[in-house]
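Report on the structure given below.
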Amino acid sequence: MPGPPRSLEMGLLTFRDVAIEFSLEEWQHLDIAQQNLYRNVMLENYRNLAFLGIAVSKPDLITCLEQGKEPWNMKRHEMVDEPPGMCPHFAQDLWPEQGMEDSFQKAILRRYGKYGHENLQLRKGCKSVDEYKVNKEGYNGLNQCFTTAQSKVFQCDKYLKVFYKFLNSNRPKIRHTEKKSFKCKKRVKLFCMLSHKTQHKSIYHREKSYKCKECGKTFNWSSTLTNHRKIYTEEKPYKCEEYNKSPKQLSTLTTHEIIHAGEKLYKCEECGEAFNRSSNLTTHKIIHTGEKPYKCEECGKAFIWSSTLTEHKKIHTRKKPYKCEECGKAFIWSSTLTRHKRMHTGEKPYKCEECGKAFSQSSTLTTHKIIHTGEKRYKCLECGKAFKQLSTLTTHKIIHVGEKLYKCEECGKGFNRSSNLTTHKIIHTGEKPYKCEECGKAFIWSSTLTKHKRIHTREKPYKCEECGKAFIWSSTLTRHKRMHTGEKPYKCEECGKSFSQSSTLTTHKIIHTGEKPYKCEECGKAFNWSSTLTKHKIIHTEEKPYKCEKCGKAFKQSSILTNHKRIHTGEKPYKCEECGKSFNRSSTFTKHKVIHTGVKPYKCEECGKAFFWSSTLTKHKRIHTGEQPYKWEKFGKAFNRSSHLTTDKITHWREILQV
């Protein structure tokens with residue numbers, strides 16, 4: 001049998017000693033994460049050798065790996081032929097599966113078989129370090145395991161590192177059966193291998209000789225400096241095939257690819273929630289303890305994580321170090337600037353797989369996804385109402401408390417939402433920074449300008465699936481849909497009457513208070529609502545701005561014109577499901593529905609007679625009071641109903657025509 005190669009006799013370690021090749025068949029048995037880990041380990045080994053001054057020239061294998069090529073297609077003569085010094089106490093449970101072990105055995109035996117198999121078998125019988133008497137004689141015992149030459153110990157350690165990391169790449173935690181026997185005197189830290197101890201000690205003895213020219217920061221290892229430099233060069237050599245994202249480090253790419261695989265290896269024992277990163281699980285666990293060890297000295301607010309406290313402190317300093325080069329706006333946090341920049345670029349990197357809609361923020365996508373599931377998991381214990389988002393439930397709860405925490409310093413008005421207060425404050429400044437290029441009209445908010453622009457473009461993106469009618473705004477479509485469903489979510493606590501719109505409920509509530517804050521300066525008449533006053537004012541001007549293009553008839557109110565147009569079109573959009581009768585006005589339809597219920601809620605206190613509609617009760621009461629509000633001043637006549645006045649006028653004109 002030939003003796004060991006010269007390099008091992010001399011105690012020198014070369015890159016050939018720590019390189020492993022794979023055949024095409026073996027390489028294809030590895031998944032992407034394992035292939036990437038192989039690349040990472042081989043490149044790291046080469047950098048370590050380069051640091052020690054052992055690697056003089058760059059091997060072709062390293063060039064191949066750096067370029068992202070497959071290592072199995074390397075020429076045979078370019079690969080190495082020296083056998084490694086294998087560590088015999090390779091614990092049995094380090095092998096994840098038999099097939100993987102066989103692949104490694106084949107790869108090693110194929111290369112080093114000529115040196116004899118007895119030194120190459122991966123010995124799995126070692127259940128503990130005691131079997132190999134590693135602890136019996138300390139350093140000497142360990143050398144029996146690794147070989148006597150220090151270079152071989154280093155070499156064995158490197159090989160162990162390759163296999164150890166490779167075989168456990170799919171495990172959340174690495175387990176090792178050996179006792180950690182060797183203690184560093186400077187720190188109570190235990191190691192399984194002597195080479196680890198040697199490497200650990202070098203942290204104390206080695207000067208930080210690798211210095212960054214850009215910022216002056218120094219490092220122990222050249223590999224750390226190389227990774228650090230990527231911050232300035234923006235070099236991102238590793239690209240994800242699934243999503244066009246390029247991390248700066250291969251390990252980051254491996255972690256990133258787990259996201260696409262959907263694999264969540266790290267599970268919380270407390271609540272069962274799973275994560276694809278161990279760091280995320282560690283962070284999550286603190287939630288269950290409720291501990292908030294990081295306290296702000298300025299305001300006393302406590303936080304779970306130190307990073308959150310650091311970010312919070314910026315609020316007190318009012319420093320805004322992150323500035324937008326496009327518009328000059330500054331922000332406290334870099335993440336806010338990143339999101340802000342997307343407003344300028346129009347970038348929407350977060351796409352919904354269900355409908356294809358894209359968003360500029362991941363949180364908005366998360367919120368959007370709930371639309372497809374329809375899940376409402378956040379329930380109010382007070383009234384039983386459920387919500388899709390926790391923030392909406394939190395906001396809703398304030399309704400029950402009636403508390404308005406957010407107060408305007410300018411006018412003292414209170415709000416139950418901070419966003420409402422922020423919106424309100426702009427009213428006091430009078431600033432309208434968002435201007436329409438088409439008509440010059442300015443707006444307080446950009447969202448209002450966006451909606452306004454649709455008037456010029458005549459774009460109606462929101463379409464009703466029920467009847468096909470399209471609308472400029474989503475809110476209008478939402479209200480329109482209630483016409484089909486009959487939903488009336490806004491209920492009056494005073495009388496129990498329900499409404500399809502919140503504004504209608506607000507308007508209705510004034511009836512109970514009797515308040516009439518809107519007064520006509522012309523005649524002194526007061527009204528419950530500003531819209532009614534606006535309509536009333538037209539009486540004094542006799543202005544009829546709303547004209548029918550079909551017949552030329554003019555009206556004082558746009559709503560009356562809308563109802564009038566249906567006479568020409570014959571449209572009757574309001575259909576009764578009970579009897580099938582259709583109506584061209586919603587008010588007429590509402591009155592009609594009461595007939596089917598048989599309920600007559602409006603009762604006369606004078607005689608006890610009941611009516612379907614309040615208007616009929618009002619007319620009836622005039623019988624008891626004798627009130628006659630409809631007057632014909634020309635003849636001194638008065639009537640208790642407008643229809644009676646109209647009938648009398650017609651009779652009068654007929655008499656004149658007959659004469």
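Each position is counted from 1, following the chain as shown.
Heads up, the Cβ atoms here are built off N, Cα and C, so glycines get one too.
Residues or ranges marked as domain 'KRAB' in Swiss-Prot: 13-84.
What Swiss-Prot records for 210-232 (among others) is zinc finger, and it gives sequence analysis as the kind of evidence. Summarised as a single figure, the pLDDT of the zinc finger (210-232) averages 75.
Taken from Swiss-Prot, the feature zinc finger applies to 238-260 (among others).
The feature zinc finger is assigned by Swiss-Prot to 294-316 (among others), with sequence analysis given as support. Cβ atoms under 8 Å from those of the zinc finger (294-316) belong to residues 283, 286-287, 332-333 of the same chain, restricted to positions at least 6 beyond its ends.
The zinc finger annotation in Swiss-Prot covers 322-344 (among others) and rests on sequence analysis. The helix, strand and coil residue counts that DSSP assigns across the zinc finger (322-344) are 11 helix, 4 strand, 8 coil.
For the zinc finger (350-372), residue counts in helix, strand and coil come to 11 helix, 4 strand, 8 coil, using DSSP. Under the heading zinc finger, Swiss-Prot lists 350-372 (among others), citing sequence analysis as support.
The zinc finger annotation in Swiss-Prot covers 378-400 (among others) and is backed by sequence analysis. The DSSP breakdown of the zinc finger (378-400) into helical (H, G, I), extended (E, B) and coil residues amounts to 11 helix, 4 strand, 8 coil.
Using a Cβ-Cβ cut-off under 8 Å and counting only residues 6 or more beyond its ends in the same chain, the zinc finger (406-428) has close neighbours at 395, 398-399, 444-445. Look at Swiss-Prot and you will find 406-428 (among others) tagged as zinc finger, backed by sequence analysis.
Sequence-distant neighbours of the zinc finger (434-456) (same chain, 6+ residues past either end, Cβ-Cβ under 8 Å): 423, 426-427, 472-473. The zinc finger feature in Swiss-Prot is assigned to 434-456 (among others).
What Swiss-Prot lists as zinc finger is 490-512 (among others), and the listing cites sequence analysis.
Annotation comment: Swiss-Prot describes 546-568 (among others) as zinc finger, evidence class sequence analysis. Long-range Cβ contacts of the zinc finger (546-568) within its own chain (Cβ-Cβ under 8 Å, at least 6 residues beyond either end) map to 535, 538-539, 584-585.
The zinc finger annotation in Swiss-Prot covers 574-596 (among others) and rests on sequence analysis. Panel annotation: around the zinc finger (574-596), residues 483, 563, 566-567, 612-613 of the same chain, lying at least six beyond its termini, place a Cβ under 8 Å from a Cβ of the stretch.
The zinc finger annotation in Swiss-Prot covers 602-624 (among others).
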Chain residues in Cβ proximity to the zinc finger (602-624) (below 8 Å; excluding those fewer than six residues from its ends, i.e. six or more beyond): 591, 594-595, 640-641
Chain residues in Cβ proximity to the zinc finger (378-400) (below 8 Å; excluding those fewer than six residues from its ends, i.e. six or more beyond): 367, 370-371, 416-417
Same-chain residues near the zinc finger (322-344), Cβ under 8 Å, at least 6 residues beyond its ends: 311, 314-315, 360-361
